[in-house]
Amino acid sequence: CGPCFTKDPETEKKCATCCGGIGRCFGPQCLCNRGY
């Protein structure tokens, strides 16, 4: 899923939403439950 921006307070939420509810930011990458 799309990149995570550390300066965006919503980025973790956007990542999770993009991943269909399961997603985490690891550095600049948004990783879904499958790893990308």
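Counting begins at 1 with the first residue displayed.
Even glycines carry a Cβ here, placed using N, Cα and C.
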Swiss-Prot annotation, disulfide partner of Cys1 among Cys18, Cys25: Cys18
Disulfide-bonded cysteine for Cys19 as listed in Swiss-Prot, from Cys4, Cys32: Cys32
C-alpha spacing of Cys4 (disulfide bond) relative to Cys15 (disulfide bond), in angstrom: 7
Spatial neighbours, same chain, of Cys19 (disulfide bond) - Cβ under 8 Å, 6+ residues apart: Cys1, Cys30, Leu31, Cys32, Asn33
